[in-house]
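Swiss-Prot annotations:
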type     : residues    : note
DISULFID : Cys4-Cys21  : disulfide bond
DISULFID : Cys8-Cys23  : disulfide bond
DISULFID : Cys13-Cys28 : disulfide bond
Amino acid sequence: GIPCAESCVWIPCTVTALLGCSCKDKVCYLD
């Protein structure tokens, strides 16, 4: 539920994905 300051509209979460973030509603979120 916490925004990870990365978008995933065109490409998946990259840097923030390593921190555990996942794509939700076109934005990378962490819980």
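Residue numbering: from 1, along the chain as shown.
Placed from the backbone N, Cα and C atoms, the Cβ positions cover glycine too.
Looking only at Cα atoms, Cys4 (disulfide bond) sits nearest to Cys28 among the disulfide-bonded residues Cys13, Cys23, Cys28. Counting every protein chain shown, the Cβ of Cys23 (disulfide bond) has 18 other Cβ atoms within 10 Å. Counting every protein chain shown, the Cβ of Cys8 (disulfide bond) has 20 other Cβ atoms within 10 Å.
For Cys13 (disulfide bond), the same-chain residues 6+ apart in sequence whose C-beta sits under 8 angstroms from its C-beta are Cys4, Glu6, Cys21, Ser22, Cys23, Cys28. Minimal Cβ crowding within 10 Å, among the disulfide-bonded residues Cys4, Cys21, Cys28, is found at Cys4. Under the three-state DSSP scheme, Cys23 (disulfide bond) falls in the strand class.
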